[in-house]
Amino acid sequence: MIETKPIPGLALPRHDHALVLFSGGQDSTTCLAWALERFAHVETIGFTYGQRHSVEMECRGRVRQVLAHMSGRSGADWGSRLGDDHVLDLGNALHHVGQSALTGRSPIEIGQGGLPTSFVPGRNLIFLTYAAALGWRRGLRRMVGGMCETDYSGYPDCRDDTIKAMQLALNTGMEAHFVLETPLMWLTKAETWALADSLGGPALVALIEEETHTCYLGDRSQRHPWGYGCGECPACSLRAEGWREWQTASSA
């Protein structure tokens, strides 16, 4: 009989433990709050890849610090559920592969085939693969991401079909039982603001407005009612329009 030994550092799989792809932006912060409401233990993962808006990595720490002292509207103590943060450095690989406006200095506009020049080919596929590899070792079987098909700027790796295909591929390739959660998949940006309010109330909304970062240009010099940003790029436009729609609906 062959004796089996545990793999050093390998945690037992837990489906009430989650790993959130956390960039420091509005969507991933909302997803982190969503996960903290639902799961007993939540860790976060972020990536540096030469992104133009690298200021988002600075926002991550501040957002986590505030969330660690917050509770949800349900009464859940988010601080007791918030676990380790992991940052993986992907170097300049995505810049060399993608040649995107998100990793370079070219204008952000609609390019060939109708895709924005900010599209980084394979980015979410790479992120999910690294996240699953980390989750496999740490026993985290719920992967939570802010991908959205409603306000997704035309990115094909944000589509629901893509995420379902990735879940199948990751589970097959790692012999695991990952569940890829995308709570924003069918929400408009206005509904994402409303979700944040339902999860953490005015305190979470204020945190998102003040500390999260969405602007593709990395602009933190201009403060708008909905947060910081250039106010012109597609990411700022989506965030601003969603905020206005949510405010209008809330006051009706």
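Using the three backbone atoms N, Cα and C, a Cβ is placed for every residue, glycine included.
Over in Swiss-Prot, the protein carries these features:
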type: BINDING; residues: Phe22, Ser23, Gly24, Gly25, Gln26, Asp27, Ser28, Thr29, Thr30, Cys31, Leu32; note: ATP binding site
type: BINDING; residues: Cys215, Cys230, Cys233, Cys236; note: Zn(2+) binding site
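Counting Cβ atoms from all protein chains shown, Cys230 (Zn(2+) binding site) has 18 others lying within 10 Å of its own Cβ. Taking the binding-site residues Cys215, Cys233, Cys236 in turn and counting surrounding C-beta atoms within 10 angstroms, the largest count is reached at Cys215. Sequence-distant contacts (6 or more apart, same chain, Cβ under 8 Å) of Thr30 (ATP binding site) comprise Gly146, Pro183, Leu184, Thr192, Leu195, Ala196, Leu199, Ile208. Leu32 (ATP binding site) sits 21 Å from Cys236 (Zn(2+) binding site), taking the CA atoms of both as reference points. When the C-alpha distances from Phe22 (ATP binding site) to the binding-site residues Cys215, Cys230, Cys233, Cys236 are tabulated, the minimum falls on Cys215. For Cys233 (Zn(2+) binding site), the nearest of the binding-site residues by C-alpha distance turns out to be Gln26; the candidates were Gly24, Gln26, Ser28. Neighbour list (Gly24 (ATP binding site), Cβ cut-off 8 Å, at least 6 residues apart, same chain): Gly46, Glu56, Met57, Glu58, Cys59, Arg60, Val63, Thr212, His213.
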